[in-house]
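> Encoded as structure tokens, here's the structure I'll be asking about.
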């Protein structure tokens, strides 16, 4: 791998790259210079598992770290270009940045404004908010296969579902094309400001969290409307099970919004994941709803200290 132009690091700790600030090291950590550099890296070691990491906003890295190569796209993958109502964004572009740029150009991608993460991650998990999903605006994506081959992914290829897509394992999205409805920039800006105010009022935005911990049992996102009477929301069933504010070590289900798992200071990945599993158990016992993790959990457990 001597011809790579990006940055390659062995045994790179990952905790400082995740919002929850937990987790062990990755065997390899690579930040490619561009798509050609990324393709060369992928071809160089076909047997090694790879994991694509965005900004670490929806992620628990377990305490034992990751026996894989972690790829993090950076400056060479965050450009944004707008042509009419079509928006072409690098996979590393932040969702919020794309929403703002699109709004300024009169394109409505406002649902992305409050979603923490990158556009590549938004495609992989069909991110959505306020009743709109990536699937609703997705046109196509450029990607590299695990073998380093450039491909184009269509909506049919990805088979979007609630918080899921059929992105092939090892595939790295590099660029995404979206198309949103037209709108007046001032109105779009006002809508995003309203969304941000609602988030600030209802979510623990100043705490160390990974965003929504569990998917809504109903299988769709909240619309955010006052008249949305749908009851099968993750936060509601967690509340019904009496788990708002529950703690395990330094891990806590937020008292402000019980579907947010919080590192109150010094929590381990094991504590966070264990509390999440306890919540799932209590919710099923109390309500009959099976919660499914929305936060991605990767890596090996840490060693248990001797008694």
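Cβ coordinates come from backbone N, Cα and C, glycine included.
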> Between 200-227, 228-255, 256-283, I'd like to know which one Swiss-Prot lists as region 'Disordered'.
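The range carrying the region 'Disordered' annotation in Swiss-Prot is 200-227.
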> For residue 294 (active site) and residue 212 (active site, proton donor), what Cα-Cα distance in Å is obtained after rounding to a whole number?
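Just about 7 Å between their Cα atoms.
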> Which whole-number value in Å describes the distance between the Cα atoms of residue 163 (active site) and residue 212 (active site, proton donor)?
11
> In the same chain, which residue numbers or ranges, 6 or more beyond the ends of the compositional bias 'Basic and acidic residues' (200-209), come under 8 angstroms Cβ to Cβ?
19-21, 254, 256-257, 260-264
> Averaged across the domain 'FAD-binding PCMH-type' (21-183), what pLDDT does the model get? Just tell me the whole number, please.
97
> Considering the active-site residues 163, 212, 294, which residue's Cβ sits among the greatest number of other Cβ atoms within 10 Å?
212
> Per DSSP, what is the residue count of the compositional bias 'Basic and acidic residues' (200-209) in each of helix, strand and coil?
3 helix, 2 strand, 5 coil
